[in-house]
């Protein structure tokens, strides 16, 4: 036990969660890319543990900042039984190179988390831009923009229509590069919407970058500071990307009014479809975070196990339980679990069972793109060659992402079975049978 406890190197104090769905006050710390929810007492111990204070001084600091009278032995017990196992405090001995205890290990990353995350820009770039763009959230500016967005989209779908833009895209394969560039710009502007909304609420985005989410490349914005905002400030941060996407679409429609280029309206259609797609609450898209923040739960997926252990208190079901939820929030969470688990299970079953046909279709598409690129090269159509090459690369990336997703899920499944089956021979036999059964089922689905 360290005599001068110190936070682990990648642990950061976040603060109190405001307007949550819990009956009691909750506090957050961040370890790596994970948020850990603590009681105020544990949070204050972590806060006071700076590597300089002794156990007695930490206890005195906690006593002074809370209503509890804490002794050094109490701090020692909390650190040894709670905070070191969570990897929040570096132990004096038996620590790995990162300051975590030897028995604390990160498992495989969740397939529903952003994987292969790569930071592109930091606060030095984000702060000046978001400092200006945050003005777009001021009501005198926001309301007229939203009215213009509604009017423009009514014209697009009710008056002009979108079939002309779709036909224009299909008849000109070389426009793939233009559409791709425009959608990438829209995606970057979308992320600045999150950063600017956070800045408007008083927080600051820490980073922007890209990663792999499920099977698709995706941009991300680190909006950790949003946890310090109230409920509506967090929701505004979640929906700020949609708002900026609509502004970008409005700009494209204004550009169409000047140029008459139908392809611009096709990009608007893609942006709108992306907004609808991101509203789905079943995975960690913007709609998911908005629903979570509206209900007052930091993250449905990370809290799901603890929630189930709370509502189904089986004696042999070990692990953390969720603090008491407000009745309305408990109902929302239960409904979310009842809907989301079957939906995701069905989607996974469909993906696994159809993998051979997906791979076959992808291979045929790659061959078609190669043939198209060769013909375009013979005709000297370099733009068409580039478009076919980009389409082939995107298709290849998506197939690799699908394989990575299935590998990640399979690895987590095998790891969970091995952990569960280790204690007794009977469990090992059941675990082995379960793995063999799953493999046999997959083989049957692929052969059918």
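The backbone N, Cα and C atoms fix where each Cβ goes, glycine too.
Worth saying up front: this structure is predicted, and the values here are computed from it rather than measured.
In TrEMBL this protein carries:
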type     : residues : note
TRANSMEM : 132-156  : transmembrane segment
TRANSMEM : 168-189  : transmembrane segment
TRANSMEM : 201-220  : transmembrane segment
TRANSMEM : 240-258  : transmembrane segment
TRANSMEM : 263-283  : transmembrane segment
TRANSMEM : 289-312  : transmembrane segment
TRANSMEM : 333-352  : transmembrane segment
TRANSMEM : 385-407  : transmembrane segment
TRANSMEM : 428-447  : transmembrane segment
_Interface-richest range of 168-189, 240-258, 289-312, 428-447 toward the transmembrane segment (132-156), CB pairs under 8 Å_ = 240-258
*Maximum Cβ pairs under 8 Å to the transmembrane segment (168-189) - stretch from the list 201-220, 263-283, 385-407, 428-447*: 263-283
*Are there residues at least 6 beyond the ends of the transmembrane segment (385-407) whose Cβ is under 8 Å from a Cβ of it, and what are they?*
111, 115, 173-177, 180, 212, 214-217, 351-352, 355, 358-359, 362, 365-366, 369-370, 372-373, 376-377
*In the same chain, who gets a Cβ under 8 Å from the transmembrane segment (201-220) while lying at least 6 residues past its ends?*
111-112, 114-123, 126-127, 130, 187-188, 190-192, 194-195, 226, 228-229, 233, 236-237, 283-284, 397-398, 401-402, 404-405
*With a Cβ cut-off under 8 Å, give me the same-chain residues at least six positions beyond the ends of the transmembrane segment (263-283) that come close to it.*
112, 153, 156, 160, 162, 164-166, 168-169, 172, 175, 178-179, 182-183, 186, 213-214, 241-242, 245-246, 248-249, 252-253, 255-256, 291, 336, 339-340, 343-344
